[in-house]
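Below: the structure, in structure tokens.
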Amino acid sequence: MGDKSNARAQSIRALMQIERNNSYSNLVVNEFLKKHDFSKEDKGLFTKIVYGVIANKSFLLWVLKKYVKRPHKQQAWLKYTLMTSLYQIAFLDNVPDYAVVNEGVNFVKRYNYKKVSFVNAVLRNIVREKDEFFKVPTDDFLQYLSIRYSYPIWIVEEFSKVVSTNEQLESLLVAMNSSHKTTIRVNTLKNSKQDLLTNLREKGIDVATVDKCEDALVFNTSTPLQRIEELKSGKCFVQSLGSILVGEIANPKPKDVVLDMCAAPGTKTTHLAQLMNNVGKIYACDVHKHRVNLIKESCIQADAQIVEAIHLDSTKANSYFTKKFDLVLLDAPCSGLGVIANKPDIKWNKKKDDLKSITKLQTDLISNGIKLLKSKGTLIYSTCTLTKSENEDIVNAAIKKDNSISLKSERRILPDKENTDGFYIAEIQKK
Ligand SMILES: C[S@@+](CC[C@H](N)C(=O)[O-])C[C@H]1O[C@@H](n2cnc3c(N)ncnc32)[C@H](O)[C@@H]1O
């Protein structure tokens, strides 16, 4: 029998493909889900294993070192057979260990028969010693967190600067290792929140309103998004809570003139247009031409009619525009460390050195945006990261340089506190 619809075997193949082609895991996961005829349970298991192995990669390799020499250097099929098996034994309660061992051994049979008894022995030892895995030395606490929760040490150090206690840091790292509930934003240009709620509930979708976030709805159970017709017709959009709050804190009024400096694919632009009830004007810029087209497509889908999409490097916005703005939104390019829960690859793809060029760009963008504010105008600076150097440090340095502006509000959204992606939102006001 082949293994085409076997979730465990396919998770090994997916991980091999991600490594071989250096692909984004979400693209490969979606490709496999489309290609294979998994049952509903197997879809869940396949997705959990692929993301779980990526999220816990360095911990799994740390444990495997006790059983295999240089596990990260092994051939991909062997390495991922061991990692997916260990992940299931260590992290998944509802999968019997004997089934994991059998599947692992069966998979290896197809690659190299000579390795079968070796893999069998390693997996049996792993099952026998499963109570030992989590005994990571705690003498150096940051190092402990880095191993136990699989984060490069520099990320643990960066996050340690934004919390006050070891417990808070651990809680943050734990929260970013598991996905949170999906939220959507109602598009009030196309339907009311009440109508959307009623329609979704009539289809048996368990969805609820969210306190203190007017335009958000949250799915209480995992809901296959392809089932939701309202997403295709632009009546709502998948958007994380922090991202929706950016628009709500910006709170633009009809007739405002707005600059969205880094706008693609247009998620927040269309939210601003709906908050302005399609009255006023939004200039939505992006430095990448192909992404400017995404802004245009989002606006058509959302029926946002007051948006002009512009191909522009916004570090030069001040010389491009002659007018000043009531509201400038700078949803800055950033390291993305706040969205690790949904994109665990970020842990391994981002490097500490990347922060230098990113913070330079953020500094140039914010100083340009501030110059374009009208008197009493507001600049919203937002990112989907939690690092102080990309958030508070950028905003404070801008304020220190220019005494015509002041900080009106600042909010850091922590995934463990709010069960959503990490975000930072600052509101700067011009005198
Ligand atoms: C965080 S994303 C923006 C997301 C968008 N605001 C939304 O809600 O859909 C950052 C965007 O900044 C753009 N970008 C990067 N450097 C830029 C620059 N110098 N000028 C304008 N856009 C830039 C990137 O192409 C990317 O689309």
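Just so you know, glycine gets a Cβ as well, placed from its N, Cα and C.
Per TrEMBL, the features are:
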type     : residues               : note
ACT_SITE : CYS384                 : active site, nucleophile
BINDING  : ASP286, ASP313, ASP331 : S-adenosyl-L-methionine binding site
DOMAIN   : 172-431                : domain 'SAM-dependent MTase RsmB/NOP-type'
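What TrEMBL annotates, mapped onto the structure for a quick look.
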| residue | record | DSSP class |
| --- | --- | --- |
| ASP286 | S-adenosyl-L-methionine binding site | strand |
| ASP313 | S-adenosyl-L-methionine binding site | coil |
| ASP331 | S-adenosyl-L-methionine binding site | strand |
| CYS384 | active site, nucleophile | coil |
List the binding-site residues among ASP286, ASP313, ASP331 whose C-alpha is within 10 Å of the C-alpha of the residue listed as 'active site, nucleophile', in sequence order, or say none.
ASP331
Neighbourhood of the S-adenosyl-L-methionine site (ASP286, ASP313, ASP331): other residues with Cβ within 8 Å of the Cβ centroid, in order?
MET261, CYS262, ALA263, ALA264, CYS285, VAL287, HIS288, ARG291, LEU312, SER314, PRO333, LEU365
Quick one, of the binding-site residues ASP286, ASP313, ASP331, which Cβ has the fewest other Cβ within 10 Å?
ASP313
Compare all C-alpha positions of ASP286, ASP313, ASP331, the record's S-adenosyl-L-methionine binders, and send over the largest distance in angstrom.
14
Around the Cβ of CYS384 (active site, nucleophile), how many other Cβ atoms lie within 10 Å? Please give the count over every shown protein chain.
23
State the mean pLDDT for the domain 'SAM-dependent MTase RsmB/NOP-type' (172-431).
96
